Every structure is written in C-alpha cells, then in structure tokens.
Number of protein chains: 2
Amino acid sequence: MPQIAYLGPAGTFTEQATRSLTGDFDAELVPFETVPLALTAVRRGEVLAAGVPVENSVEGSVPATLDALTTDEPLVAVQEALLPVQFDLLVRPGTEQSAIRTVASHPHALAQVRDWLAANLPGAEVRATSSTAAGAAAVAAGEFDAAISAPVALEHYPSLERLVGGIADVRDAVTRFLLVRRPGKLPEPTGADRTSVCAVIGDEVGSLAELLAELSLRGINLSRIESRPIKDRFGEYRFFLDFDGHVADARIGDALTALRRRCSTVRFLGSYPKADRTPASVRETASEQAFRLSAQWVEDVRAGRLA
Amino acid sequence: MPQIAYLGPAGTFTEQATRSLTGDFDAELVPFETVPLALTAVRRGEVLAAGVPVENSVEGSVPATLDALTTDEPLVAVQEALLPVQFDLLVRPGTEQSAIRTVASHPHALAQVRDWLAANLPGAEVRATSSTAAGAAAVAAGEFDAAISAPVALEHYPSLERLVGGIADVRDAVTRFLLVRRPGKLPEPTGADRTSVCAVIGDEVGSLAELLAELSLRGINLSRIESRPIKDRFGEYRFFLDFDGHVADARIGDALTALRRRCSTVRFLGSYPKADRTPASVRETASEQAFRLSAQWVEDVRAGRLA
C-alpha cells in the first residue's frame with residue numbers, strides 16, 4: 001500500500017484534508033512533525049506524496065509550506081482540498097457543558113473560537129497545546145475537561161464524545177490543502193483546473209504588472225497572488241501565483257513560455273482539478289482553436305503559402 | 001500619559017515591536033488578547049494607537065490583522081518596525097543546559113527553532129504555551145525547565161536568566177509590525193516612505209494587471225502584494241498593496257486617484273517612514289516637477305494660452 005505523508009499529528013485538519021485528497025485510492029497516511037520533513041520524505045521517494053496546508057491553515061504555518069515547496073528539488077501539486085474551519089468540542093462521556101473548567105487546543109484554533117468560548121464557556125480557562133489533536137489527547141488522558149478539535153479527531157480518541165459540533169466565530173472560513181508529489185505524469189485536464197507557479201523577477205518598477213499582463217492578455221484568470229521575500233537574493237522578488245487553467249491548455253502553455261522568458265526563475269508547482277469544480281471561462285480569442293489557427297497562419301505565412 | 005494597545009501578553013515579540021514603534025514618546029503599553037480587540041480600543045478612542053503584526057509574525061495571526069484593519073471604521077498606519085526572528089533560551093538561575101528536560105513556547109516559535117533544539121537539547125520534551133511569554137512565565141513558576149522567548153521577555157521575568165541568545169534556524173527572518181491610529185494628520189514625507197492600501201476589484205481577467213499598471217506607469221515600486229478572499233462578496237477580490245512613496249507625493253496621489261476610479265473600494269491604510277530608511281528612487285518622468293509642469297501645461301492649453 002502506498003504511503004502518504006502529512007503534517008501531523010494524527011487527528012488534525014491536515015490529516016482530515018489528506019484523507020479527502022487520497023480518498024480515491026488505498027494509502028497509508030504517515031504523520032510528520034513539520035512540512036519540510038514531510039516534503040523531504042516525498043523527495044527521497046520514502047512516501048508517494050504529501051498533504052500540506054497552503055492557505056489560512058489553523059495549525060500549519062503556510063509561509064513555511066510555500067518556502068519548503070520552492071527550495072530543494074521540485075515537487076508538483078496533483079490535487080486540491082478545501083476544508084471548512086469548523087471545530088468540535090470534545091469531552092469525556094458524561095461531562096456536562098456547565099462542568100467544563102478547562103478547554104485546550106492549538107493557540108490559533110482557540111483564537112478562532114474566542115467569541116464562541118466567551119458566550120458558551122465563559123468560566124473555562126483556555127490551555128495551549130501543540131496541535132488541536134494534542135488537545136483531544138490531553139482530554140482523553142484526563143488533563144483537561146474539553147478540547148477544541150478538528151472533526152477527524154474523534155476517530156483517534158474514541159473514548160471522547162462530541163458535545164458541540166460546527167463551532168466557528170467566522171462563517172465560511174476555509175483552509176486550503178494540496179497533495180504534492182515528485183514530478184511525473186500530470187493529472188488530466190478536466191476543464192476546471194488550477195495551475196500554480198512560483199516566479200522570481202527583478203525588482204524593477206513594472207515587472208510584476210508586465211508579468212500579470214502576460215496572463216490577462218491570454219484571458220487567464222488569476223485566483224491568488226502573494227509576494228514572499230527572498231532572503232539571500234537582494235533585489236529580487238518571489239511571487240506565488242494561482243490561475244485558472246491546465247498547463248496542457250494552449251493559453252496556459254503560451255503564457256508560461258512568456259513567464260519563462262521574463263523571470264530569472266519560474267517553478268511549475270502543478271496543474272490540478274479545482275476543489276470547487278467551477279469550470280474556467282475561456283474567451284473566444286484565447287480558445288484552443290484560436291491558438292491552433294493562429295499558429296497555423298504564422299506557419300503558412302513563413303512558408304510562403306499565405307500573406 | 002497616552003496609552004498604546006498591543007497584541008499581548010507582555011513579553012512577546014509584539015510588545016517588543018510596539019516599544020520600538022513608540023520609542024519617541026512616553027506612552028503606557030496596554031496588552032490586548034486579540035488584534036481585533038486592540039483595534040476596537042483604538043477606534044473607540046480608549047487608546048491612542050495599537051502595535052500589530054502584519055507580516056510573518058511568530059505568534060499573531062497576520063491574516064487576522066489584515067482582516068481586522070479593513071473591516072469596521074478606517075485606521076491608518078503611522079510607523080513601521082522590523083524585528084529579527086531570534087529567540088532567547090530562558091531558564092531559572094543555575095539551570096545547566098544538560099539538565100533541561102522540558103522546553104516551552106508557542107507552537108510556531110518551537111517550529112522555528114526545531115533544528116536548534118534537535119542539535120542542542122535533543123533529550124528535551126517540547127511543551128506548547130499560548131505565547132512565547134507564557135512559556136517564560138511557566139518556567140518562572142517552575143512548571144518547565146526552559147522557555148524559547150522573545151528577548152523582551154527577560155524584562156518581565158527578572159527571576160530568569162538568558163542561557164542562550166540569538167537562536168534561529170533561519171537567518172535573516174524578520175517580522176513586520178505597524179503602529180496604527182485613527183485617521184488624522186499624516187506623518188511628514190521623509191523621502192523614504194511606504195504607502196499601504198487595500199483595493200477591492202471585480203473578478204474580471206486583467207483587472208489586477210491594469211491596476212498594477214497604474215502604479216508602474218507612474219514609476220511606483222511595489223514592495224508587497226497579497227490577495228485575500230472576501231467572504232460575503234462573491235466575484236470580488238481584495239488586494240493588500242505596499243509601495244514606495246507618500247500620499248503627499250504627486251505620483252502617489254495621482255496613482256491613488258486612478259485606483260479610486262478603478263476599484264469598487266479602496267481603503268488608504270497609511271503613508272509612513274520605511275523601517276529600513278531606504279529612499280525611494282523616482283524616475284525623472286514621475287518627479288514632483290514633472291507632474292507640476294505637465295499639469296500646468298494642460299491648464300495653459302485649456303485656457304488658450306498654449307498649443
């Protein structure tokens with residue numbers, strides 16, 4: 001059975017996301033202490049792939065993931081998952097809400113349910129743990145009365161029970177995860193795909209505007225952009241870009257050739273189906289046919305067949 | 001004495017940054033449990049200003065800060081601080097490194113010194129606390145043997161001593177903080193300023209490329225960009241932009257008028273001196289004189305004085 005790494009421990013949001021990312025095939029999920037360690041295991045071929053947080057994660061540091069994806073040997077994303085940021089309140093059976101004196105979780109999770117705790121457990125002391133799962137483990141061990149946990153935690157701590165579900169101060173918040181593996185056969189285009197790249201460009205005025213114009217001129221919709229400093233290369237900027245489309249699409253391939261010409265480095269981080277399955281809208285002038293016909297026309301002109 | 005809010009508790013990186021942000025004047029620093037609570041106190045006039053993390057913070061959630069700055073009444077940044085991400089190992093006096101069995105800190109801080117701990121305290125168990133300062137407090141109370149803390153923590157826990165200083169797995173990592181207050185008189189331009197805005201634009205292909213072209217056409221250097229989802233407004237995107245220059249500069253004012261025309265919302269988040277004091281380089285065609293002369297020329301043409 002193939003092994004899939006994830007940012008551990010077991011019972012966290014990343015485990016839950018990695019399960020949904022690998023739902024299609026039998027795999028053994030293996031927790032790692034950090035994202036860089038999980039990615040190193042993929043690079044060495046010790047595991048087939050890794051599930052990692054890339055946006056707004058509760059426990060994992062997303063900047064750490066982005067940095068780890070772009071240093072060392074290339075890896076590519078092959079699948080995407082979105083998880084709602086909603087927590088369960090886990091207790092030992094028989095614990096009543098009014099009897100809860102201590103509630104434990106990762107500090108970021110506690111921050112995200114602060115209003116709920118103030119309204120529903122005003123007397124309880126909050127206690128930090130290294131992950132949401134560690135909070136559940138501590139409740140199972142009798143150290144604290146309740147834990148704010150990912151829904152998947154209950155499967156790892158069957159001695160606990162869910163007193164309240166769906167806890168969230170902010171409705172509709174989601175975290176985004178990717179399944180990454182070593183470069184190889186890409187996922188098939190589905191018509192609702194996303195492509196991720198990391199581009200390094202010189203720190204000249206307008207270099208980013210020109211880079212994005214290469215996308216917009218080809219009708220490509222950008223869904224996320226984030227700049228990150230490059231520590232040891234003064235005067236260069238690194239951008240993480242997500243946009244609609246698959247590298248197999250003519251307009252995406254054409255845009256990536258332009259990025260490759262413009263950037264000192266471009267790293268392809270994958271083309272994969274979008275988790276929300278919304279199809280890309282492609283304008284007529286950027287369709288597969290438009291690219292094919294225009295390339296044919298230039299070829300004909302160059303060959304003296306047309307003018 | 002004016003009061004300045006910060007993301008608490010006392011003894012954290014945010015306190016340290018807020019001290020350096022308010023070094024010029026006498027102020028009483030007041031810790032708040034969350035960034036939104038600190039900003040609410042500023043909006044209500046209960047405190048003069050607040051120190052908040054905006055990039056790569058060890059303990060504070062930066063997305064939470066960005067969201068809190070752009071909901072509710074406007075606030076503007078008036079000063080910037082950069083802190084190196086370097087930790088102290090604090091112990092009770094007389095504790096030898098070889099005797100350390102437990103080391104406590106915020107999970108994100110522990111993650112950032114993981115390699116150092118593996119090399120220097122391989123036998124120690126790590127324990128999560130709700131902040132780096134809470135780790136120091138627990139060591140002072142005798143609960144753990146050592147804490148990974150911000151340098152400022154030692155001032156709050158004088159019964160502890162610094163066993164090791166300058167701990168960091170990644171050299172040169174920094175966190176960035178802003179001092180924000182209610183809109184009023186802006187800081188004077190210094191020639192080395194930064195302007196921050198939040199811009200909301202429609203989700204049409206090319207809208208961001210066009211927005212950035214408005215900056216680059218005026219010779220304005222972008223230093224950071226980040227997209228953030230808008231939860232309840234489908235089909236719109238929100239961008240946080242930092243660029244060189246002061247809103248009092250002709251090219252910045254001119255660019256902001258263009259952004260205001262293009263965006264459904266633009267929020268001015270402040271013009272303030274850059275912490276690193278590197279002056280903006282302004283091309284001749286975007287100088288104050290160039291803007292003044294060109295406006296004068298159009299005025300003369302309109303008045304029939306020139307053609």
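Using N, Cα and C of the backbone, Cβ positions are placed for all residues, glycine too.
Annotated domain 'Prephenate dehydratase' per TrEMBL: B:3-182, in sequence order.
Feature annotation from TrEMBL assigns site 'Essential for prephenate dehydratase activity' to B:T175. Every protein chain considered, the tally of other Cβ atoms within 10 Å of the Cβ of B:T175 (site 'Essential for prephenate dehydratase activity') stands at 22. Secondary structure at B:T175 (site 'Essential for prephenate dehydratase activity'), taken from DSSP and collapsed to helix, strand or coil, is strand.
What TrEMBL lists as domain 'ACT' is B:196-273.
The residues of the domain 'ACT' (B:196-273), classed with DSSP into helix (H, G, I), strand (E, B) and coil, number 23 helix, 33 strand, 22 coil. Over the domain 'ACT' (B:196-273) the predicted model carries a mean pLDDT of 91.
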